[in-house]
Structures are given as C-alpha cells and as structure tokens.
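Asker: Below are the structure tokens for one structure; questions will follow.
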C-alpha cells in the first residue's frame, strides 16, 4: 500500500486550482443512466471513486469515454445489476438503483462499502423508492427494486436529512408519473448541482437548495452538457492548510458561496479572507491561528467533511477549542493519530476538546477515512521532522493529486509506493 512521507515544518503559500466536486460528480454520473441520449459532463475530478463509477456504468451497458470531459451514452444499457466486486469499495453505487428502476422498471445493487464512519444505512433510499411505488427485496446481499409500468409521484417526508437518499428519490422521481414533493430534503450544493444537471436534460425540478424539492415527472430525458461545481471540501482543506502553516493561498476555480460557514470560522481564527466570483484568498500574515468552536450539522451549517481539518487547526491554535460532531458517530478516529504527533485532545461523547500547542512532532500515523487522512497529511506539513502517513488509498478516493498540489505550495511530500 502506498504511503506519504512528509518533511516539516513548511509554510504553505501559493496558488491551487480546485477540482470538480466528488460529491456532485458521483450522483451526476449515475443520474446519466436516466438519459436516453448521450451526455457530456465537464470538470469531473480524476479520482478512484469516479473510475469505479465509470467502470460500473460500462458494466451496465453504457458507453463511457473520458477525454477531458466524461461522455456517457446510456441508450444501450441492458444489464440492471451492480455487482459486489465493484460496489464493495464505494457507497455511491447505491445511486444506480433509482435511475435503473425509474427508467427500466428494475435494478439491483449489492449492499455498499466505502468509508467506515458510523451507521450510514440505505434504509432511507429504500423507503423513498417504495413510496414511489417500487417493490424492494433484500436478497443474497443485494437490494432488488422493481416496478410494473412507471413509478408514481408521491409526497415524501424524510425521517432525517440525508444527502444520499435525497439524490436517490429526486433522480427516480424525474421519470415518475405525476408530481413528487420531498420534504426535509437535504440542501447541500451537490444536491443543487445534481438537480441542475437533470434540468439540463429536460427534468422539471424546483426548490433544490431548500428543504422542499418538487419534481414533476417527465416521459424521458435527453442529451446535454453540464459542468460539475468546484469541490468545496477540497477548497476548505487547502484554506486550512494555509491557515495552520501561517501562510497565504489563492484558490482558483472555487465557489465561495458554498463555503459560508467554513469561511466564517476561518475569519474567527484570525485569517484575512477575500473572495471573488470564482476565487478565495486567505492570508495569515505569519500569525498563529486562534482556536474556534465548531458544531457540524447539515448544510448550510458547518460541514462534517471539514471537521477533521478544523480539529487539526484547533490543536495548533492559540487557546482551547471545542469541536462537536452531530452528523456521524465514530468520526474522531484521526484524534488518537494526531495525539501520536504530540497533540493534546480529549474526546467526551461527540465532542473533542482541543488544547492548542505551538508545534507538532513528526510520527508514523495511519489514515482511517477520507477527511481524517487529509488532516494527517496537513499535520505532517507543519510538524517538526518526518511524518509517514499509511493507508493513503483513502485520500485517493477524494482528493485529486493532493501531493502535487501541496508540493506547488511548498510542501516537502512524496508518495512512497507500497509492496
């Protein structure tokens, strides 16, 4: 398995170009199954999960090509099962189910894998499809969905806010007969992006970005060209990298209005931030950040995917900061690893209390999930000495060429090929 060797400490400064959002690209790739004509998707990041999704679409019979943009022609899809060998590495494959049952009347997806943070059950996807008229069976480790004729529009009140299930229901409802209303829908920018992609293909969707999405079913979806929005979590990660190293950064191809909660906390930490239409700059003027209190919650509140990075920020900040995680349980696995580097933190229930220290020390640490692993790499950039980050396949699932981008900012980082 590959590792990163990081030599610190360095002050990170310079420019970085933000990639397309993984969490929008994946649902959009699967939503392309709904279209009877070819679609072109631009600004798709080069990531392991994207490659797996494209392979899965090919196995279902879609024509998939990548030459800068990703081109998908799902007109000849003739296989309706997403097999275990592809699904086991990636939770997003559940998003094949809604489009398959909506367009072809049948679909089956092996129960998914992916990051091991907390209970992320597929039950909300299943109840949503059932309310649209699908029959669902769980057999031999597969979720099997079928419907006679078309799905039927329904008024669906979601038990809890779920990005994944909102995507599934919204995609399936685009081809249902009649109107579907999703109450308590997720409001994330990636939901808005997926909806806007579907609208480009001829879907009738209103209210995306609010907690009430209305979808009027149409008979078919056609062709279109769509550009995936910039990755707000990658943007936030690089902003934190500059903040903790007392540096300065310019993020290009960013979308500032998707990051309001994160930018507010960085300003609280003492960062000087400016934004333009598609860029964000941060300058610490050589100062150490100040500790901040953070509570994660669904969008537009502070994103859980930025929690590990802000835990790290607090651990090297002036003062004591509290980080409370309300979205996933079991999402502090990076804290014991950071403690190996000298960090001072206590976990009490769903809160980590961070006591800021001046400098961390290099150590051998292990990545446990995607965002936690990014925080360990950033810790290595600012720690005294050498840090080895193990199990970095987690990072490759969500960050495009993170070592190249960090190197361009002055980091001393190399990928060590595993056996």
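Glycine is no exception: its Cβ is also placed from the backbone N, Cα and C atoms.
Note that the structure is a prediction, hence the values are computed from the model and not measured.
The annotation phosphoenolpyruvate binding site is assigned in Swiss-Prot to 22, 23. According to Swiss-Prot, the feature UDP-N-acetyl-alpha-D-glucosamine binding site maps to 91, 120, 121, 122, 123, 124, 160, 161, 162, 163, 305, 327. As annotated by Swiss-Prot, 2-(S-cysteinyl)pyruvic acid O-phosphothioketal applies to 115, with the evidence given as sequence analysis. The active site, proton donor feature in Swiss-Prot is assigned to 115; the stated evidence is sequence analysis.
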Asker: Between residue 23 (phosphoenolpyruvate binding site) and residue 162 (UDP-N-acetyl-alpha-D-glucosamine binding site), find the distance joining the two CA atoms and give it rounded to the nearest Å.
Answerer: 13
Asker: How many other Cβ atoms are found within 10 Å of the Cβ atom of residue 91 (UDP-N-acetyl-alpha-D-glucosamine binding site), counting all protein chains shown?
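Answerer: Looking across every protein chain shown, the total is 18.
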Asker: Other than its own, how many Cβ atoms are within 10 Å of the Cβ belonging to residue 121 (UDP-N-acetyl-alpha-D-glucosamine binding site)?
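Answerer: A 10 Å sphere around the Cβ of residue 121 (UDP-N-acetyl-alpha-D-glucosamine binding site) contains 12 other Cβ atoms.
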Asker: Measure from the Cβ of residue 305 (UDP-N-acetyl-alpha-D-glucosamine binding site) and count the other Cβ atoms within 10 Å, all protein chains considered.
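Answerer: By my count, 23.
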Asker: Round to the nearest Å and give the CA-to-CA distance linking residue 91 (UDP-N-acetyl-alpha-D-glucosamine binding site) with residue 22 (phosphoenolpyruvate binding site).
Answerer: 13
Asker: Minimum Cβ neighbour count within 10 Å among the binding-site residues 22, 160: which residue?
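Answerer: Candidates: the binding-site residues 22, 160. Fewest Cβ atoms within 10 Å: 160.
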Asker: Determine the Cβ neighbour count for residue 162 (UDP-N-acetyl-alpha-D-glucosamine binding site): the number of other Cβ atoms within 10 Å of its Cβ.
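Answerer: Its Cβ has 22 other Cβ atoms within 10 Å.
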Asker: Just how many other Cβ atoms lie inside 10 Å of the Cβ on residue 123 (UDP-N-acetyl-alpha-D-glucosamine binding site)?
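Answerer: For residue 123 (UDP-N-acetyl-alpha-D-glucosamine binding site), the 10 Å Cβ neighbour count is 11.
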